[in-house]
Structure formats: structure tokens, C-alpha cells
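Structure, as C-alpha cells:
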Amino acid sequence: MFNAHRGHVPGAAPNRFNEIIDQLRAEFDAQIQRGAESDHKVNSQMQEMEMIQRAVFNLESNYSQMKKQYEEQIANLTRELEKYTGQAPHPGQGQSAGPSTAQPVPPVLHQGRGGLFGDIMSGTTQVGGPNMTLADPSAHQQPSQQQPGGPSQSGSHPPPGPHNHPIHAPQPISTPQVGPQPPAQPPQQPPSNYPPAQPSSFGQNGFSGPSTQPQPQPPAPPAQSLTPRPNKDLDISRIPQTHKKEGADWFAYFNPRVPRVLDVDLVHTLEHNSVVCCVRFSHDGKYLATGCNRSAQIFDVQTGHRVTLLQDETVDRGGDLYIRSVCFSPDGYYLATGAEDRQIRVWDIKNKRIKHNFRGHEQDIYSLDFSKNGRYIASGSGDKTVRIWDMENPDRAPLAFTIEDGVTTVAISPDSRFVAAGSLDKCIRIWEIATGKFVERLEGSDRPPQPEGPDVVPEPEPPHDHNEGHRDSVYSVAFTANGTGLISGSLDKTVKMWTLSSASSQGVGQKLEPRVKTFEGHEDFVLSVAQTPDAYGPWVMSGSKDRRVQFWDPRTNQTQLMLQGHKNSVISVAPSPAGKLFATGSGDYKARIWSYDRV
């Protein structure tokens, strides 16, 4: 009996062990089943969320189109009412819903740190508003040459008081003063979270949405027109998937009217604590400099890490001090910065010390450029002067050129011989640096001023002639890589490319007749232009208040791609001299580095 009992016990243990194994296996299978069901539910919900997102996107787009149509109808009815009653309606009766039809006069850049850049992004500047000085610059007055250190010869516009308080509309991102005041514009909708409302069509040779003004029957294009005007726009929803690309918070559309030859992608996002007013690569393409509030920062392009912070600790910490322009010396040892305090600081990057501090401008500095030979720095200011500073003789008074209106942008030619400047008076001027002689003036539109009054219905804006100058303030200029051309961007929403080969071959002081190409497609002010290196295109780049970057083919006048990667104005664009990369700076507190390459 004892032996039988001992033999029975070992037989029970394996049975119990097998039961436990079976239970574990069943539980494991159940867990796998529950996990699969959870994954299926998550995938289904993600698909539903994507459908909802697309539906919201379409609703926003439809809402934007309907709103613009209603605004157009209200504007037409308002003009009819004014025509028959002889008086304008009171505020709030519907006129505010439509765009102003009066032809605005370009405002003058003035003293003070307020009201110069902020309204570029908010679009709320009003002609005749508080503390705004208006001017009607002469279209044919020749710029006066100012000797080094001499006083300004222009006295056509008395400076206003030091305090200026422009009216700002509520913005989702606080936008400090980062650009000269534009003329009056229709109220703009604030940027929304991604995906933002998008226009529904391509424009003439770019990406554009429906116009906010009545569209008259366009006249036949002039004989000089370089590209035909398409009969109708193309709905973005009909763009094939091969011509679309989306990232986490950005997207790009490629023009289906031309072969797709480029691809674009996000490389780095560089966060800042304020608006990024400017971006610029070093000449070897290894570093990117940005300008923001109170500091300039330098980033390693390969890693995206910040390697240097340049900040003048002697400056009063009260208030803002935006760095509006930065540029590297050709050897990469120095970085020049221009700021609201009217000083140009040339930093020794390695030691983080100021090597030179150039003073002399009487108003804010908007633009800087280093010559390729490393000797000169050109600066443009709201004091209506362009100044040339000599790095080899820093104590020498600068060569200064005075014009009729505020200087918004400057650029030095690749051979370091010429300096070009864009201004609020719609003109671009070119001087020879060595002699100080005036070379050329690229004129704005000669369209006569339109009559105004309660009984006058303004004529619709005619289509841009591809061979005419800008119709509004020039905000950005850049020489082409070979130095024979000039690219300009304007508050008239166009980009122009001027052929200037005769400027260097025929000498100075002659009236040239440059050929002009016009790129149309931006929905708002063009704030920055550039050209990629010849080995990689060359493509014309433009950044706009409409939050987009566009790549243009100068051979066909057609846009290749439209990139929207910011939630606020694209204030600055810069291609890498090494090619295949470009950078953007925006009012959304971000600078971004992007890659582009042939498909």
C-alpha cells in the first residue's frame, strides 16, 4: 500500500503542469486577439480622423472662397451705392467687408522702433492712420550722390515724432516690428493651425486663389509678354498625387502644368524665442545665421544645433532690439548684423566679440550685404541712404548715396563692383562702388494716378506687363549668380528678374533698357527673393507674407513648386552657396532648413 501511494503522487504533478501551460497558452492567445482588435480599432479611428481632417480642410477652403465672393459682391454694391448716393456709407454698413479701392500712396519709413515691420505680417496698416507720414515720391528725380559722411540732401519729408503706434489686429502669434509699413491692404485672416485654408487654384504662372476684386475681361497680352495667360485656373484638388507632398506640419504642391523636376523635404526646424527676421548661410554652406530679438544665432547646418549666440550685453535690456539683417564675411570669420538701434556690429565669431561698430545711419537699418572680396559692407536704412563701409579702413567715413525714400534692401554684385538698392518709391538703383557713380535706375509703373471721389468708380488694376517695373515698394533685391541680372520682390506681390548685362559692359551713367521677366502667383507681399547656385538650377526663390515659398524657372516664367511650411509670413529666404539646401525665417518664431534636389 505504501508503495502504491508513492507511485500515485508523481503522476498528478505533470497533469497540473499541463493544465497551467494550457491556461497560459489560452491567455496568451486571448491577449493576442485583444491586441489585434485594438490595433484594428486604432487604425479605423486614424482613418476616420484623417477623413475628418480632410473634410475640415475642404470646409475651410470652401468657406474662404465663399467669403471672398461675398466680399466681392459687397464691394461692388458699396461702389454702386456711392455712385448713386454721392456719399460713402458709414463705418459698419458693409464697406469694411470689402477691400479698399483707393490707390494708396507708399508710406515713408520713419524714426522710432514701432510701426515699421509689424504691419507687413498683420496687414492692418491704414493710409492716413495715426502718426503715419505719406509721400508722393517723384518718379523721375535722379538720386543725389552724397560724399562720405556728408549730411542727407533729401528734405522732402519731415520726420514724424519718435512715437508711433500702428493699429494691430489680433494675431495668433505676436508679431513684433519686422518690416517697413506697406500701403493699406484688405483685412487678412489670421493664420490657422495646420492644415491652413488654401486657395483653390493656380494663378497665371504660379499658385494663387480667387481674387478679392472684380475681374474684368483681360485685354490681349502685349507682344512682349513672355508667357501666355491661361484661360482658366486649375483646381488644386485636381492635382495628381505625384505632384503633392506632405510632412507633419508642412506641404508642397508641384505645378502640374510643367514637368516635375524637383523634390523638397524638411531637414531641420530651428526654434527661436521671437520672430526670425533674417536667415543667411556662410559661404561654405556649413553654418546658418539667424537674426531675432536682441541676438544673432549661428547653427550647424549638418546637425541643426546652435553653436554660437551673439548678443551685445552693453545694450539696455529694456524693450525690443530686433536684428533685421545678418551676413557672413566670405572667409567665415565675421558676421555683420544690422539692428533697430541704427548700428552695424561686425562680430568676431570665434571670440564672440565685436570687431567693428559702424555708426552713422539716422534711422533703422533694414538690410546688409558683404562684398565677395570681403572689403565692403553695404547697408540700407529708413533714413533714405545706402552706405558703403570699408573693412580695411573702418575709421574712414562711409560712402553714402541718398535717394528720395526709405531703403528697404541692398545687394552687392558677385564681382564686388556694384551695389543695388530697393526702395519704397518702387525703384531699384545701382551704383558703382569704386567711383560712387550712379549706374542705373529701374523704374516703377508709369500708370497715371487714378481720380478719387465719391462719384468716381476706380478703374480695375490692369494685368502686369511683363516688361514694366514694380507698381509698389521694392522689398528685396538679389543679384543673379553670374552678376548679369537682378531679382526683385515687391509689395505688388510680384517677383521680377532684370537682365543687366549691359550695366558692366557699357560703363556707368547710361540709360539702359533691361529686359524684364515677371513672376506672378503670390497672394500677398513678396518679402524676400534669392537665386539658387547655377549648378543646381538656377531657380528663383521667393518668400511671401502669404506664408509660402515658391521656386520659379526663369527660362519659362513658370513656378515649379509651392511650399507652405510656416504658420506666419515667410520674411526671409536664403539658398545655400553649396547647393541643395535653403533656409526660411518666419514670424512663427521658427527658422527652417530645407533640402531640394532633382527628381
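Cβ coordinates come from backbone N, Cα and C, glycine included.
Sequence annotations record features per position, and here TrEMBL assigns domain 'Transcriptional repressor Tup1 N-terminal' to 16-83. In terms of DSSP secondary structure, the domain 'Transcriptional repressor Tup1 N-terminal' (16-83) contains 68 helix, 0 strand, 0 coil.
Sequence annotations record features per position, and here TrEMBL assigns region 'Disordered' to 85-236 (among others).
What TrEMBL lists as compositional bias 'Polar residues' is 93-103 (among others).
According to TrEMBL, the compositional bias 'Low complexity' annotation covers 140-156.
Under the heading compositional bias 'Pro residues', TrEMBL lists 179-198 (among others).
For 200-209 (among others), the entry in TrEMBL reads compositional bias 'Polar residues'.
Annotated compositional bias 'Pro residues' per TrEMBL: 213-222 (among others), in sequence order.
When Cβ-Cβ distances below 8 Å are used as the criterion, the repeat 'WD' (323-357) is approached by residues 113, 117, 177-178, 277-284, 286-287, 289-296, 298, 308-310, 312, 315, 363-370, 372-374, 377, 379, 381, 389, 391, 394 of the same chain, each at least six residues removed from its ends. Annotation comment: TrEMBL describes 323-357 (among others) as repeat 'WD'.
Feature annotation from TrEMBL assigns repeat 'WD' to 358-399 (among others).
Under the heading repeat 'WD', TrEMBL lists 407-441 (among others).
The annotation region 'Disordered' is assigned in TrEMBL to 441-471 (among others).
Feature annotation from TrEMBL assigns compositional bias 'Pro residues' to 448-460 (among others).
The compositional bias 'Basic and acidic residues' annotation in TrEMBL covers 461-471.
The annotation repeat 'WD' is assigned in TrEMBL to 467-508 (among others).
Positions annotated as repeat 'WD' by TrEMBL: 519-562 (among others).
When DSSP labels each residue, the repeat 'WD' (563-599) comes out as 0 helix, 23 strand, 14 coil, counted as helix, strand and coil in that order. Taken from TrEMBL, the feature repeat 'WD' applies to 563-599 (among others).
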Helix, strand and coil residues within the repeat 'WD' (407-441) as assigned by DSSP: 0 helix, 21 strand, 14 coil
Stretch-averaged pLDDT - the repeat 'WD' (519-562): 94
